[in-house]
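Asks: Below is one structure. I have some questions about it.
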């Protein structure tokens, strides 16, 4: 028996030894050529499995080599790699983390069942982002062992995951037997019904109560509880009735449905009168003299303790200094605290006061902000890093915020919104209104959330979440395919090619990606609608994108609270996004949830045109006539017919015929489940017609995009009054393609009616 050693040389620095054993050499085999069973490597020559031991427990940085300062690979986030077995239903997304570091930076390879992973080895391909291997919509063929191998010249380590894909069974939801249970309660008690739902597909759960109809044998039902944006399945499995009365007695039903079918189970609630108290109960309820003394002493101690806490907080907040007083401000940069606006709508009720606030600042103005301990942050905990955006009156900075988690300090990245030195009284009030809106609305995954405010010892700061990928419009343009007609016209849209950022993940957008973007924005808008908030400035430029591609609705500078009524009428001449506005908003200055739905339709068009400019070639003074004639935006290149029908529904002239945001969320949820992960191939087709415009339109688009980049502070500035009743849709104004166009005032209604009559006669 003879042994032959075959040496395979690495393109870098690794030598791999393989042994070939031949038991008996025959004469006929003397000229046979032997070769290594290792396939020809397509990457640096460590496509084989490592032979140095798995070293899976290397969790800290090993010692450096004294001569070269190098380090062998080591795990940096071992705690996030502890789960080895992943059992997932078919269709789910699976992520395998391989967080590793070393000096030099180790190269990472992935193996499936001892074979190297190539990007297109599976349907939908593999994705690798931030040291994570991603398998979207897994199927049964994805089962197996996945091993991450990290190697540099000082050594190698590896880590193995096991994936088990389970076949989905198509069935309607299953409700746990015996739930909900029948209940009996006295008047004034609280009652809780529970219902356990099992469903492979995402279930939609509702709680119903039957209403006896004496005129009809079949009972009617009223919906007591339905799933919202922030509710989870666990929340929906519980129904709580507070302070029950006789009228609430009856049958309660837990209803669960999915795409396969519907299941339901019911329980009865009996409400009983409160029994009269017995003699023993009355005797026990009479406190004796000792108990009275104890109660009084406890009350005094509680009051003293509360006073001590207030004094400590008072001293801590002002550091021993006098509290802020109402002062006159000669320099706007030194604005002291200002009064919290409890009712923002009051700002628009007094016309004279509003006109006074809109005038340029000629005299010092006064503010007093009350301290809100729930939201107040210390300025010394915030470090401004770099300017992200700047408008005429405001600016946004990227910053580091130090927070205290128990006894440990942590640093997080945030954004800080503030005014510039040339602000006036109205600008400060606008920023205060935005702050109050964000406080009132609360937190949601798909809106930019308020982290805190700085109102003491300096100018007003709003500290908000940071979105690493910028706004959705710029993200879509950065991710347009390279070397297509779509990208060749970008410079004419007002963008500098030298400023283009690289594609963040190097992956071409798929249909599922852009449908997901639309679905996430719709969820955020549904949440705002539930909070009685109309945004008034929905556009791709006002949707921010995080590092994890989470869509977040931003820029509440134009948002308004409509809790007191269902609409908001604008009386001032502030700039508004004309090409995104509904017909009734253009003509009557009335904004409702239905006008936000229209704007969302234009935003959908932006998404599925990869950030195209709406209504190319149409001047602002021609837009009303264009829309009144029944014309709408054409179907964007990358939208399906069903998606375009959804856009057209949003653009119904009659606001009552437009869908609400809950319906939009449900439709987009279904489209997302049916969408494909196939990558778009023919991006060049149709781009020339969609993005190329005449030279005049290109100039208009350039001006529009430059204005789009400004923040809300510039958009809300006041413009000069109309001269002699001239309508703003004149030829001189048409040369300015500013997407924020001043609305018409009520005193121009006669001129507007004449203009509408002229447009109808021309049509």
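Cβ from N, Cα, C; glycine included.
According to Swiss-Prot, the region 'Disordered' annotation covers 34-74, 691-742. Under the heading disulfide bond, Swiss-Prot lists 98-148, 195-254, citing sequence analysis as support. Swiss-Prot lists 292-312 with the feature transmembrane segment, giving sequence analysis as the kind of evidence. Look at Swiss-Prot and you will find 313-763 tagged as topological domain 'Cytoplasmic', backed by sequence analysis. If you look up Swiss-Prot, you'll see 382-672 marked as domain 'Protein kinase'. Marked as ATP binding site by Swiss-Prot on the basis of sequence analysis: 388, 389, 390, 391, 392, 393, 394, 395, 396, 417. What Swiss-Prot records for 568 is phosphotyrosine, and it gives similarity to another entry as the kind of evidence. Here Swiss-Prot flags 691-711 as compositional bias 'Acidic residues'.
Looking at the shown structure, what environment does each listed feature sit in?
Replies: Secondary structure at residue 148 (disulfide bond), as computed by DSSP, is strand. Counting every protein chain shown, 23 other Cβ atoms lie within 10 Å of the Cβ of residue 148 (disulfide bond).
Reduced to three states, the DSSP call for residue 254 (disulfide bond) is strand. The Cβ of residue 254 (disulfide bond) lies under 8 Å from the Cβ of 175, 179, 180, 193, 195, 197, 205, 206, 207, 237, 239, 264, 265, 266, each of these being in the same chain and 6 or more residues away along the sequence.
Its own atom aside, the Cβ of residue 388 (ATP binding site) has 17 Cβ atoms within 10 angstroms in the protein chains shown.
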Asks: Count the other Cβ atoms sitting within 10 Å of the Cβ of residue 195 (disulfide bond), across every protein chain shown.
Replies: 24
Asks: Cα distance, residue 98 (disulfide bond) to residue 388 (ATP binding site), nearest Å?
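Replies: Between the alpha carbons of residue 388 (ATP binding site) and residue 98 (disulfide bond) there are 32 Å.
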Asks: Taking the Cβ of residue 390 (ATP binding site) as centre, how many other Cβ atoms lie within 10 Å?
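Replies: A 10 Å sphere around the Cβ of residue 390 (ATP binding site) contains 16 other Cβ atoms.
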Asks: Need one number: mean pLDDT over the topological domain 'Cytoplasmic' (313-763).
Replies: 69
Asks: Using C-alpha positions only, work out which of the binding-site residues 390, 394, 396 is nearest to residue 148 (disulfide bond).
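Replies: Comparing Cα positions, the candidate nearest residue 148 (disulfide bond) turns out to be 396.
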Asks: Counting Cβ atoms within 10 Å across all protein chains shown, which of the recorded positions 98, 396 comes out on top?
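Replies: Highest number of other Cβ atoms within 10 Å: 98.
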